[in-house]
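Shown next, in structure tokens, is the structure this report addresses.
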Amino acid sequence: MTTLTDLAGWLAMEPAGDDVKAVVTVIAGACAQISKVVASGAISGSLGAAGQVNVQDEEQKKLDIITNDILRGALKACGPVAGLASEELEEIETTGREGGFLVTFDPLDGSSNIDVNVSVGTIFSILPAPATGIPTEADFLQPGRQQVAAGYAVYGPQTMLVLTLSKGVAGFTLDADGAWRLTHGDVAIPADTAEFAINMSNQRHWAQPVRRYIDGCLQGKSGPRGKNFNMRWVASMVADVHRIAMRGGIFMYPWDAREPDKPGKLRLLYEANPMSLIVERAGGKSTLDGVTAILDVQPTKLHQRVPVVLGSANEVDQVAAG
């Protein structure tokens, strides 16, 4: 059997700097550890609610706390990391070091699904830290285009790690010995698709462009799109976006009228920015509304939320045209 390139071998061929490679290696190790914890959840008694809420006012699962602590510990011990911010924590944490990188992460995306054994994941973003001085919250408020690397791990039938550093997107599968093996050397999202992912139960609350787009998809061959579409919805961003990375599609978590003063649901720094970098580098588009690129958004606060429309480029354009 052919031996597949491992993560270290792939990183050695990447033109990115050694320090960012070190950070990626540490995060990959933490994700491998999280994979084991997630897989043994019911056996180890780590499923279920933790009996508290996070900064997002969401009920925390036990695994939210466990996975958050795994990543925090790994990153604090990583020399090039000057600071970190987690979806689960109200404030940033610093390491006492200057220069290097800042890391933002969602330790367990889709954790509401964990008790029913649906795929969940970890999402992360690596940003440049200021050259001197201990980082402050303001240093994390960088547009997504300033990310030096981003990635996610998805814990499903296989555990996969999808990364972008200097260019392109690559996917790795965790083998039985705990090594990340390169299984998807050039992830590319096709421009056209016949699948959409959206929570249809909120249809009555959407803005007109989103309604028109989905109505066109639902009309199938007899409608304006002239082809049939399938709907997919896991309610785990990492799982839905991973499917799109592997075979195309469009993922939509749009603004809706239930809370009109809130711009969206997904977190810009922990979810939308890293996923947008991956999607764009794989040939797709990632926007707020079909028009405005998420990577161009200037963050104004640590836990800022945004609407998301991303995936196959021509489908995202169709939303804008609606």
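Even glycines carry a Cβ here, placed using N, Cα and C.
Owing to the predicted nature of the structure, the values given are computational and were not obtained by experimental measurement.
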### Message
Looking at the Mg(2+) 1 binding annotation from Swiss-Prot, with Asp106, Leu108 already listed, which candidate in Glu14, Glu87, Glu137, Glu195 is the matching residue?
### Response
Glu87
### Co-listed Mg(2+) 2-binding residue [Swiss-Prot; alongside Asp106, Asp109] among Glu259, Glu271, Glu280
Glu271
### Summary
In all the protein chains shown, the tally of other Cβ atoms within 10 Å of the Cβ of Lys265 (substrate binding site) is 19
## Note on the structure
For Asn199 (substrate binding site), the same-chain residues 6+ apart in sequence with C-beta under 8 angstroms from its C-beta are Trp233, Ala235, Tyr253
### Query
Taking Ser111, Ser112 as the binding-site residues to compare, which has the smallest set of other Cβ atoms within 10 Å?
Ser112
### Query
Roughly how wide, in whole Å, is the group Asp109, Gly110, Ser111, Ser112, Asn199, Lys265 that binds substrate, by largest Cα to Cα distance?
17
### Message
Cβ within 8 angstroms of the Cβ centroid of Asp106, Asp109, Glu271: which residues besides those meet this for the Mg(2+) 2 site?
### Response
Glu87, Phe105, Gly110, Gly121, Thr122, Ile123, Tyr152, Met237, Val238, Leu266, Arg267, Tyr270
### binding-site residues: Glu87, Asp106, Asp109, Glu271 - member with fewest neighbouring CB atoms within 10 Å
Glu87
